[in-house]
Amino acid sequence: MMTSFFDQFASPSFLGIPLIAVAIALPWVLFPTPSSRWMNSRLTTLQAWFINRFTNQLLMPLNVGGHKWALMLTSLMMFLITINMLGLLPYTFTPTTQLSLNMGLAVPLWLATVIIGMRNQPTVALGHLLPEGTPIPLIPVLIIIETISLFIRPLALGVRLTANLTAGHLLIQLIATAVFVLLPMMPTVAILTAAVLFLLTLLEVAVAMIQAYVFVLLLSLYLQENV
């Protein structure tokens with residue numbers, strides 16, 4: 001029996017070995033691999049169509065130099081969606097509820113966009129720290145503010161993904177507990193609460209996909225500023 005609602009976010013272990021690595025590696029096994037036949041299966045065709053549409057939508061605002069990131073951003077999108085969706089199943093663990101994992105994804109990718117901007121166009125990259133037409137007395141203050149906002153970007157990426165998934169899982173846990181408590185006392189109220197739980201689960205499925213898309217979309221916008 002759970003002693004705390006937050007126990008569901010603790011990384012499970014087996015024989016003292018954390019199973020978060022298994023939870024991260026499992027989604028890649030579930031993707032169907034393309035066959036050597038002329039006619040693929042419906043699942044493979046649907047997967048290829050989704051990846052193609054998402055890649056076109058993602059790379060539309062980017063310059064040609066940013067198209068080199070297509071494979072990594074699309075793979076990251078599929079990875080986050082699959083992990084978030086698998087985490088909604090019973091008796092599973094969602095690695096993206098761990099801030100350490102999300103920051104481990106956000107910081108290196110954000111830093112890569114900054115390094116690319118400083119290497120390819122340092123004048124334009126540094127120009128983002130000072131808007132054009134700024135009064136001279138406000139220049140030092142605005143440079144400090146823009147620098148702080150630049151370094152807050154990876155923290156916002158990681159915290160946004162963690163907070164949304166954690167809040168959704170906690171809300172599902174609370175409502176599910178209320179259904180089990182109310183069922184023997186007030187069956188009608190419990191049924192209505194179960195209907196709310198079902199709608200909330202559908203909402204969480206949408207949130208799992210949207211948050212993965214937002215994570216990758218913000219990375220592409222940061223990349224757009226530096227290429």
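Cβ atoms are placed via backbone N, Cα and C, with glycine included.
Copied from TrEMBL, the annotated features are:
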type	residues	note
TRANSMEM	12-31	transmembrane segment
TRANSMEM	69-89	transmembrane segment
TRANSMEM	101-118	transmembrane segment
TRANSMEM	138-159	transmembrane segment
TRANSMEM	171-199	transmembrane segment
TRANSMEM	205-223	transmembrane segment
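Against the transmembrane segment (138-159), the recorded stretches 12-31, 69-89, 101-118, 205-223 differ in Cβ pairs under 8 Å, and the greatest number is found for 101-118. Note on the transmembrane segment (101-118): residues 20, 24, 76, 95, 124-126, 150, 153-155, 157-159, 161-162, 215, 219, 222-223, 225-227 of its chain, located 6 or more positions outside it, place their CB under 8 angstroms from a CB of the stretch.
Residues 47, 78-79, 82-83, 86, 92-95, 98, 101 of the same chain lie 6 or more positions beyond the ends of the transmembrane segment (12-31) yet place their CB under 8 Å from a CB of it.
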